[in-house]
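Notes to accompany the following structure.
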Amino acid sequence: MNTFPHVRLRRLRQNEKIRGMVRETHLRVDQLIYPLFIAEGLTEPSEISSMPGIMQWPLDQIGGEVKRVADLGIPAVLLFGIPNEKDEVGSQAYSEHGVIQEAIRRIKVESPETLIITDVCLCEYTSHGHCGVIHNGTVQNDESLNLLAQMALSHVEAGADIVAPSDMMDGRVGAIRLLLDEHGFNQTPIMSYSVKYASGFYGPFREAAGSTPQFGDRRAYQMDPANVREALRELEQDLSEGADMVMVKPALSYLDVIRQVRDNCDLPVIAYNVSGEYSMVKAAAQNGWIDEQRVVMEILTGIRRAGADMIITYFAPEVAQWLRS
Ligand code: PBG
């Protein structure tokens with residue numbers, strides 16, 4: 001009885017009504033986070049050539065752009081800053097009047113309801129382009145922690161709602177939690193880039209954020225793409241240090257990692273659909289090789305099916321519009 005011809009799986013695929021009723025995975029606009037680049041030196045938006053449709057924004061226009069995105073129903077943005085001046089220790093990253101600190105204040109005026117998440121990492125602010133301070137040619141873990149914590153604190157003091165450390169130093173979640181709590185910000189969540197791989201898919205981002213390392217690469221602190229048991233150790237470390245949400249990044253080549261993280265903790269899991277994943281789809285769509293809307297929805301649904309609660313994606317405004325129509 002339990003086999004064909006009694007069993008016919010096509011019965012539940014006959015029309016959109018029935019397919020809708022049996023659909024297992026849903027993508028909603030309130031699961032989307034939109035990344036934005038703010039460049040201190042700009043007066044007009046400047047398109048990033050490797051990311052069609054994505055801009056570097058001047059401080060004067062960032063509030064308006066966030067308002068536009070918020071009106072589409074997107075609840076949160078993730079901010080990246082491009083400072084005018086870089087130095088060895090990334091001073092502009094934790095300066096009261098740094099580009100991100102100023103951007104936060106402007107967004108809070110023009111779009112007060114939008115959740116502001118800030119990327120906490122030194123690479124856009126250091127002259128050498130690495131995510132921490134350098135001595136003897138290597139990134140120093142413990143010396144970088146204090147600077148990262150100062151950076152997170154300055155974002156929160158300026159009004160950031162959530163901080164997202166992406167540097168991959170050991171102990172940074174704990175260092176940030178401690179400093180935030182000492183300053184009375186015990187209600188500010190930490191969204192940790194817990195499982196972040198050393199990935200070729202960040203290529204377009206580095207053009208967008210001007211954060212290419214001037215020597216070497218990030219393999220001494222970001223994870224080896226071949227490892228998944230190690231991902232669970234990163235997860236464990238961040239849980240013990242007090243992370244409120246955990247992230248897997250990139251998303252597409254790491255769907256199994258998203259699933260493992262989902263199955264091994266009870267925190268919200270975020271996946272970052274990164275710049276290279278965006279650019280590949282855009283390039284193929286511009287050539288007429290794929291149907292952009294269909295492919296984007298399939299990719300994001302796949303990331304949700306793998307276990308992500310939320311997705312950081314450069315497609316967020318387009319998806320918000322598609323979900324409406
Ligand atoms: C900063 C950071 C990077 C990304 C997010 N935060 C770049 C990197 O680690 O080199 C990549 C995001 C993307 O590719 O969309 N450390």
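Cβ atoms are placed via backbone N, Cα and C, with glycine included.
Note that the structure is a prediction, hence the values are computed from the model and not measured.
Cβ contacts within 10 Å of LYS196 (active site, schiff-base intermediate with substrate), excluding its own Cβ and spanning all protein chains shown: 27. Here TrEMBL flags LYS196 (among others) as active site, schiff-base intermediate with substrate.
The active site, schiff-base intermediate with substrate annotation in TrEMBL covers LYS249 (among others). Using a 10 Å radius centred on the Cβ of LYS249 (active site, schiff-base intermediate with substrate) and all shown protein chains, the other Cβ atoms total 24.
Around the Cβ of CYS123 (Zn(2+) binding site), 24 further Cβ atoms fall within 10 Å across all displayed protein chains. The Zn(2+) binding site feature in TrEMBL is assigned to CYS121, CYS123, CYS131.
The 5-aminolevulinate 1 binding site annotation in TrEMBL covers ARG206, ARG218. Around the Cβ of ARG218 (5-aminolevulinate 1 binding site), a 10 Å sphere holds 20 further Cβ atoms from the protein chains shown.
For GLU234 (Mg(2+) binding site), applying a Cβ distance below 8 Å and a minimum sequence separation of six or more within one chain yields SER194, VAL195, MET223. According to DSSP, GLU234 (Mg(2+) binding site) is assigned to a helical segment. As annotated by TrEMBL, Mg(2+) binding site applies to GLU234.
What TrEMBL lists as 5-aminolevulinate 2 binding site is SER275, TYR314. Under the three-state DSSP scheme, TYR314 (5-aminolevulinate 2 binding site) falls in the coil class. Around the Cβ of TYR314 (5-aminolevulinate 2 binding site), the number of neighbouring Cβ atoms within 10 Å comes to 25.
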How many neighbouring Cβ atoms, not counting its own, are there within 10 Å of the Cβ of SER275 (5-aminolevulinate 2 binding site)?
25
Quick one: which of the recorded positions (LYS196, LYS249, TYR314) have their CB closer than 6 Å to ligand 1?
none
Give me the sequence-ordered set of same-chain residues, not including CYS121, CYS123, CYS131, with a C-beta within 8 angstroms of the centroid of the Zn(2+) site's C-beta atoms.
LEU122, GLU124, THR126, HIS130, GLY132, SER166, ASP167, SER211
DSSP-derived class (H/G/I helix, E/B strand, else coil) of LYS249 (active site, schiff-base intermediate with substrate):
strand
To the nearest whole angstrom, what is the C-alpha distance linking LYS196 (active site, schiff-base intermediate with substrate) and TYR314 (5-aminolevulinate 2 binding site)?
18
Please report the DSSP secondary structure of ARG206 (5-aminolevulinate 1 binding site), reduced to three states.
helix
